[in-house]
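Marked as oxalate binding site by TrEMBL: Asn116, His121, Glu126. Per TrEMBL, Mn(2+) binding site is recorded for His119, His121, Glu126, His165. Taken from TrEMBL, the feature disulfide bond covers Cys44-Cys59. The domain 'Cupin type-1' annotation in TrEMBL covers 71-219. Among the features that TrEMBL reports, signal peptide is placed at 1-31.
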Amino acid sequence: MAHVSQISSFLSTVLIFLALCITLFTNPTLALPALKLNPLQDFCVADLQATPTNSGFPCKSQVTSEDFFYSGLNTPLNTSNPKGIAANPANLLTFPGLNTLGISMYNVAIAPGGYNQPHSHPGATEAGVVIEGWVLVGFLTTNNTLYSKVIGPGDMFVIPPGLIHYEGNVGKTQCRLLTVVADDLPSEVGVPHTLFATKPAIPDAVLMAAFKADSKTIDMLRSKFTT
């Protein structure tokens, strides 16, 4: 009976998660990319074989049921890499049916001790639910306040649009998350790489002033992200 109760509780959490997603991705005041929706047509399945323009990919002329279904999220994930993180994306480039719909989804796995570096998705809300393991989730506001919590299976989180955030595995086994972002092809700004791996490089004087550090320290940090 306890096992049945756990399954029922988990299913309830997933239903709440889906309800949250519907709210996020159908309310333009909560999900800015929703403004991209084209009211003149029901959908625009992207033709990835065509050359994209500044307004994106053109619509496919021949659409089938298969264009609205995707199985790529269940591909096995390998976290044996320096970052200890892997993800299967369902976005415009892997699932063309999402084109103009303002939503993408990711199956994410993080190895014990692994962290998804501080990053942001400009203009896009993110929400997620933990499937396995224990995850530390945190985000920073524009007034430098940190909100964070360790969450487990069935727990949800939400990241307000554009704020810097991170996720890390604080458990002893691999953790897995299912996340959604309010954009069909969200951009990601990784804070460390943006500062230390740009080409051309940000001048040392700028970084020295920002971090109150000497040039030797800045060179050491830059070497960590450019090798």
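Cβ atoms are placed via backbone N, Cα and C, with glycine included.
Under DSSP, residues within the domain 'Cupin type-1' (71-219) fall into helix, strand and coil as 25 helix, 56 strand, 68 coil.
Neighbour counts of Cβ atoms within 10 Å were compared across the disulfide-bonded residues Cys44, Cys59; the minimum falls on Cys59. The Cα of Cys44 (disulfide bond) lies closest to that of Glu126, out of the binding-site residues Asn116, His119, Glu126, His165. Looking just at the domain 'Cupin type-1' (71-219), the mean pLDDT is 95. For Glu126 (oxalate binding site), the Cβ neighbour count at a 10 Å cut-off comes to 25, with all displayed protein chains included.
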